[in-house]
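What follows is a short report on a single structure.
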Amino acid sequence: MTTNGGGTLLALDGISKYYGSFKANDQINFAIQAGEIHALLGENGAGKSTLVKMLYGSLQPDEGRILWQGKPVHISNPAEARALGVGMVFQHFSLFDALTVAENIALAMPKDQKLSDIAKRLEAVSKEYGLPLKADARIHDLSVGERQRVEIVRCLLQEPKLLILDEPTSVLTPQESEDLFKVLRRLSSEGTAILYISHKLAEVQALCQNATILRHGKVVGECVPAEETPLSLAKMMVGDDIHEIAPRATTSDGAEVILQVSDLTADGLTGFETSLKHINFGVRMGEVAGIAGIAGNGQSELFAVLSGERTSAPDMVKINGEPVGHLSILQRRKKGAMFVSEERLGHAAVPEMSLSDNVVLTRHGLEKDLQTGPFIRHGTAKRLKDKIAQMFDVRKGNDDPTAMSLSGGNLQKFVLGREVMAGAKLVIVNQPTWGVDAGSAAQLRQNLIDLAAAGAAILVISQDLDELFEISDRLATMAEGELSDFVPTSQTNRNEVGLKMTGAFVPAEGASA
Amino acid sequence: MGMTEAILLTIATAATPLLIAAIGELVVERSGVLNLGVEGMMVMGAVGGFVIASLTGNPWIGVLAAIALGVITSLLFAFLTLSLAANQVATGLSLTILGLGVSSLMGEQFVGQAGKKLGNLDFPFLTDLPLVGPLLFGQDPIFYISIALVFGVSWFLFRTRVGLTLRSIGNNHHSAHALGIPVLRYRYLAVMFGGACAGLAGGHLSLVYTPQWVENMTAGRGWIALALVVFASWRPARVLAGAYLFGAVSIGQLHAQALGIAVPSQLLTALPFLATIVVLVLISQNVRATLINTPAMLGRPFVPDR
């Protein structure tokens, strides 16, 4: 491992950040050498984002010192961080949809630079590093991978000494990730230090020379990732309560088909974007079927059509052999189908409403005792809420908190629990563990597998390949509104699926169930 | 001066306050803030301009007072919606109601008094040219300011770095904040500019258009200006076209009545709003153009994390 240039570039000395009595960061110490690729590992909520925001000047530490090339510095805003030589690639991109690539980059550059000069430089730099970009393209028209290129090139133009990347591969295909790693290794060899924030252990092992592990706002360990195993890293990250999914024998072949989708075609949600093109598949009793794909390739449209948020021709979607394409969500729920949508807050649950009120929203019409005439029976709603919380281990601050006050993992458990608590025959889940801590994610996955074992047909739409390989019996991939054939998970691998995610497959002809 | 010239001149006079108020609101909305209080700021400008001009005898001081009152009124809005992150729609509506009330109170003693009119420009020879003379060289000074504002704002928004930054805040204030752009400072300045424009537009009403003070004399022009911004899909040049179109409609209505053509005046009054609805439907058909021009953060409060 090279660290050319050498010398400590950045050192943190006892950095703390408090939100009231909550310690987001507690006495953090670590150092990065020039040219080093250093991983910052930790679960959601471990304090990684808070820490890097302080390095980038978006937040101020309450205690401790930041040493830059040995000298204490006070970084009071992002412009000062950039002037020092800190570049940042954000997890949720800090881009402006309506503006062009050049304009987006200009906004992070010193004020005296002309737009036309920036356009020339960005095209030169992007070409040099193999990150092709057009200066006058609008961000709105770019793919997620291209948007990340804009973020990276924006940093590179500032010739940073330290490049911070926050969960950079969460939106990339395996191939795109590999391309990113090439760029990062090259930057490292040129002397740029890289702080790489992730919870993906395999890529940290492949890429990073050193790792600092955060848990509950504290540094709990440092290690050389290459010398560890994924399990030992995960244990450091999560503590000891790591839950391994129990493998199970697949016995669903020949079982009854619960969900049948036939030649499903639909316009995009906005009327202009990805449409669904002749989709055929079936999901059988007792199996978990997974659909992989990069966001925006028609998964949202597919979920909307399957759940009844949008209707289709009756025969396109069948539940238990009955045409339901024209039916509403409630009518489909009454047939034993349950749906957990992608966004927990705002779609699956109303953020400002209490959990018991949120129970009423999807269970009305299904539970007899929930209503008397037009009036809600709050007692029943509260009982249902308690039952869900108990069955699915939902940890909450008080008896009946608002949905938005729960952590992502706990709310996701609640939302899943609400749907599946009473004998679901078919469960369709979109992004079941997105933004959920590892402990809750493992439990959610186990819940899905248990449901399948109990005889339900499960369809999981996810961008997380590791998750799909862990729980699904069969896998298909969506790209540009087309769905590949389902193949048994044991007969495929991540690279093959990754290639399909970019659209490199012949679309399915005829039903594949 | 012939009939055509007279009609064109009155159209320009009717369009000028709409244009100024709308161009100010356009800047405000481009920064992601929806200030529905245009009518209130405008009527404050009208009363302030009239009162100060009467007291000092100088309509130019009146113009400055109109601008100042517009800015002060807008600062109240800015403090509530930006510093305290109050709901922009509710605050804007309250500002209009407040402005109408306070202006009646302030102007009570001045109702019916003759005001000071801001004179038209008069260049020897140039102004006497047939047709183009009075139109190009013989109008009130605020007319020229309004035209300069359109080109100035257009240049500012699309050709300067600060304008780009302002648009970026309106497009995504989270991203702007992450890049270290002082979102609230830009929005304060934008809202104040909008207030200055609304105040000036009000001053035009009470110092040029009809140099007197009448309670509620803005008569819904602030709402037309708000509609104009949407009608123009947030493009300054289209605000210019829209203001003259709506100005022509309101003048045409008067001439139609004079000629005995029976067009229901209610229909003509409703026309700017009907036209805005039609334009909204049309622009929503083009998702991409809408996305590029519509400030995505419009009306959304921003609270920086710390």
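Cβ coordinates come from backbone N, Cα and C, glycine included.
As the structure is a computational prediction, the values presented were derived from the model and not from experiment.
Marked as transmembrane segment by TrEMBL: B:6-28 (among others).
Sequence annotations record features per position, and here TrEMBL assigns transmembrane segment to B:33-54 (among others).
Using a Cβ-Cβ cut-off under 8 Å and counting only residues 6 or more beyond its ends in the same chain, the transmembrane segment (B:60-82) has close neighbours at 33, 35, 37, 40-42, 44-54, 88, 91-92, 95, 98-99, 116, 118, 142, 184, 187-188, 191-192, 194-200, 202-203, 206-207, 301-302. According to TrEMBL, the transmembrane segment annotation covers B:60-82 (among others).
For B:89-107 (among others), the entry in TrEMBL reads transmembrane segment.
The annotation transmembrane segment is assigned in TrEMBL to B:141-158 (among others).
Per TrEMBL, transmembrane segment is recorded for B:188-210 (among others).
The list of residues near the transmembrane segment (B:222-246) in space but at least 6 beyond its ends in sequence, with Cβ under 8 angstroms from a Cβ of it, reads 11-12, 15-19, 21-23, 25-26, 29-30, 36-43, 96, 147, 150-151, 153-154, 157, 198, 201, 271-273, 275-276, 279-280, 283, 289-290, 293-295. Feature annotation from TrEMBL assigns transmembrane segment to B:222-246 (among others).
What TrEMBL lists as transmembrane segment is B:258-283 (among others). Beyond the transmembrane segment (B:258-283), the same-chain residues lying 6 or more positions past its ends with a Cβ under 8 Å from any Cβ of the stretch are 220, 223-224, 227-228, 230-231, 233, 242, 245-246, 249-250, 252, 289-290, 293.
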> Near the transmembrane segment (B:141-158), which same-chain residues lie under 8 Å Cβ to Cβ, leaving out any that are not at least 6 residues past its ends?
Replying inline: 12-13, 16, 19-20, 23, 26-27, 30, 63, 118, 121, 166-167, 197, 200, 203-204, 208, 236-237, 239-240
